[in-house]
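Engineer: Handing you this structure, nothing more for now.
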Amino acid sequence: MADRSAIQLIDEEKEFHQSALQYFQQCIGNRDVGLDYHVISVFGSQSSGKSTLLNVLFNTNFDTMDAQVKRQQTTKGIWLAHTKQVNTTIEIDNDRPDIFVLDVEGSDGSERGEDQDFERKAALFAIAVSEVLIVNMWEQQIGLYQGNNMALLKTVFEVNLSLFGKNDNDHKVLLLFVIRDHVGVTPLSSLSDSVTRELEKIWTELSKPAGCEGSSLYDYFDLKFVGLAHKLLQEDKFTQDVKKLGDSFVMKGTENYYFKPQYHHRLPLDGWTMYAENCWDQIERNKDLDLPTQQILVARFKTEEISNEALEEFISKYDESIAPLKGNLGSLTSQLVKLKEECLTKYDEQASRYARNVYMEKREALNTKLNSHISGTINEFLESLMEKLWDDLKLEVSSRDKATTSFVESVAAGKSKIEKEFNESMETFKKLGLLISNEEITCKFSDDIEERIKQLRDAELKAKIGRIKKNLVPELKDHVIHLLSHPSKKVWDDIMNDFESTIKDNISAYQVEKDKYDFKIGLSESENAKIYKNIRILAWRTLDTTVHDYLKIDTIVSILRDRFEDVFRYDAEGSPRLWKTEEEIDGAFRVAKEHALEVFEVLSLAVTSDNVEIIPDVPMAEEESGEDNEIYRDNEGVFHSRRFAHILTELQKENVLDQFRRQINITVLDSKRSIITTRTHIPPWIYVLLAVLGWNEFVAVIRNPLFVTLTLILGATFFVIHKFGLWGPVVNVVQSAVGETRTAIKDKLRQFVVEDHEVKESFEMKDFSKNEQKEK
């Protein structure tokens with residue numbers, strides 16, 4: 001409940017209550033309120049439930065109407081009540097501020113009739129002295145002019161601006177629109193947009209005083225919207241909605257808190273009473289509030305009503321009539337003209353009886369609404385036409401004879417055709433008055449077509465680059481790997497010559513002159529140069545990746561070993577070498593090693609034959625911005641260079657040489673082992689002794705054909721084995737055969753012993769059983 005009963009601050013005779021200050025003192029007692037108070041007013045049509053809303057929301061006790069007895073004026077003049085209790089969804093423990101609530105006499109009441117002077121002044125007073133003005137309206141009133149008090153608000157805005165608009169402070173008033181009986185069919189956002197548009201339109205039409213010509217509605221007011229359910233039919237939801245509304249009056253620090261500092265008048269409470277009385281005196285004496293005349297108001301209301309009815313009928317017929325014709329220009333334009341003329345004719349028949357200036361003003365507004373509605377269909381038709389024409393263009397470009405028609409020619413012809421047909425359709429709408437201005441549509445169309453052509457050009461370029469890349473990359477890789485796997489001292493000269501020739505061969509079809517290319521898709525010289533540069537970047541990156549991926553430590557060691565063995569194992573004619581002495585091996589070793597190491601430095605650093613480091617003529621990566629990025633450290637703590645020419649670090653070079661030395665040393669040792677048998681000299685007297693002692697056997701062998709044959713076979717076998725140094729494999733075979741024979745013999749002996757042991761055990765078991773039987 002309120003702290004005190006409400007008092008009539010301004011009575012129905014427009015007199016300000018002189019005991020207001022005493023009332024405030026009674027409400028606050030001995031407390032020093034200072035600036036910690038707030039003023040709220042409610043404004044709206046008579047019998048719309050304003051007092052009821054205040055009583056439920058702020059626990060006040062304003063008089064309310066008993067609808068079961070009679071609908072009549074309850075609040076007369078302006079009443080004031082004090083409260084600290086706001087109905088909220090949660091309990092607030094902190095000290096609540098003092099709130100003073102003004103219940104303003106309802107507008108459009110039958111008791112005052114056409115005398116609207118008091119309701120205008122009361123509304124203006126409420127705006128002038130309040131922080132928050134609650135505008136109470138029913139959902140069905142939105143869109144009306146009188147029913148939702150828009151005409152009154154316009155007058156109040158105008159006079160408020162003339163009286164208080166020149167103040168230099170930043171004071172504002174919050175207009176809180178409380179939409180009653182909101183059932184939710186129409187979203188609150190849609191309703192708020194409608195009211196906001198009406199308010200903004202009213203503000204632009206105001207007669208502003210000097211110095212305020214450029215002012216905006218939002219320089220003086222903030223707008224908020226809240227929907228409340230039906231109090232009788234949805235009582236629980238209504239109560240919950242009111243509590244949610246109450247949260248915004250007490251929840252400080254939240255985004256939806258209504259009592260913002262810029263709304264407060266920054267006056268002590270006793271100063272506010274003086275300020276309020278002075279405002280009422282100024283409003284009461286101002287004669288400009290007696291505007292406009294009832295005739296003009298009626299004309300505006302009725303013409304707006306007729307306009308809305310005509311527009312609603314137009315919209316109701318529109319979709320059904322237009323939908324089947326959207327693809328046919330002739331039928332569509334005829335139907336649009338027919339619907340528009342029917343709508344304007346209906347408006348003219350009824351609205352032309354009112355004041356001509358108001359009638360023409362509303363007719364122009366109706367015509368604008370019709371054109372706005374029709375423009376959506378026109379835009380939809382033109383967009384559909386654009387899509388169709390664009391599909392035709394893409395088909396023409398893709399199916400063109402590439403041998404006779406270039407991409408540029410095909411696109412240019414298609415673009416000209418599209419523009420011609422599009423402009424013809426747009427002119428048809430314009431001539432019939434269905435399209436007021438075509439500048440925006442033309443600009444949008446031009447931008448759209450340019451963007452689509454750019455996309456088509458990009459796709460064509462991407463396809464060309466893809467074809468170039470498909471051939472260029474594998475060719476470069478194959479050629480480079482082949483040259484590096486069989487390197488010479490001039491391998492980098494060969495690689496760079498092959499690199500340039502491969503690029504040139506793949507893009508020769510687009511070359512117009514030296515270092516100038518035209519990729520034949522309608523690009524400028526600089527754009528073509530950029531594409532050429534990108535191709536070179538692709539080629540350089542491929543070369544860089546191929547070289548550094550291939551020339552790893554193991555690969556370089558393998559290349560050096562192959563070069564060593566080519567000279568060490570084979571002579572100049574390519575025949576295998578047969579070693580006789582160690583000196584011969586050592587000499588060949590030195591020559592082969594020198595031959596292998598000739599290319600070691602070449603494979604470590606990419607330089608030309610004249611000792612110039614190979615440096616790419618294009619940036620290799622986006623992050624290349626200076627020398628700071630040329631050196632990096634790997635996971636093992638080794639520093640590397642990002643520069644293309646630097647292949648091996650000093651540490652890696654030492655690693656390569658160590659592995660290479662170990663491998664070639666093993667090769668040399670194997671070769672020396674092969675001639676060990678030739679170093680063993682048999683004494684000559686052994687041959688004489690063999691001849692003397694074995695003469696008889698020799699004669700016996702010669703005389704026996706079998707022995708001769710075996711001797712020849714064994715001799716040939718011995719010669720082949722000795723000639724090709726196969727004693728090692730023969731020894732291995734013999735050892736393997738002997739081992740297998742030994743294993744077989746052991747298995748047989750083991751089997752024999754086991755079987756013999758089993759037989760003995762069998763006999764012993766029989767003898768043991770016989771002895772047992774005898775003992776028994």
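Cβ from N, Cα, C; glycine included.
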Engineer: Scan 118-138, 706-726 against Swiss-Prot and say which stretch is down as transmembrane segment.
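Structural biologist: Going through 118-138, 706-726 one by one, Swiss-Prot flags 706-726 as transmembrane segment.
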Engineer: Around the C-beta of S47 (GTP binding site), how many further C-beta atoms are within 10 angstroms, looking at every protein chain?
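Structural biologist: Its Cβ has 19 other Cβ atoms within 10 Å.
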Engineer: Hey, which bits of the same chain come close to the transmembrane segment (682-702), Cβ under 8 Å, at least six residues off its ends?
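Structural biologist: Counting only partners 6 or more residues beyond its ends, the transmembrane segment (682-702) has Cβ contacts under 8 Å with 708, 711.
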Engineer: Among the binding-site residues Q46, S48, whose Cβ has the fewest other Cβ atoms within 10 Å?
Structural biologist: Q46
Engineer: Beyond G44, S45, Q46, S47, S48, G49, K50, S51, what residues of that chain have CB atoms within 8 A of the centre of the GTP site's CB atoms?
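Structural biologist: Not counting the recorded site residues, we get G106, N136.
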Engineer: Look at each of the binding-site residues, S45, S51, and point out the one with the fewest other Cβ atoms around it within 10 Å.
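Structural biologist: Candidates: the binding-site residues S45, S51. Fewest Cβ atoms within 10 Å: S45.
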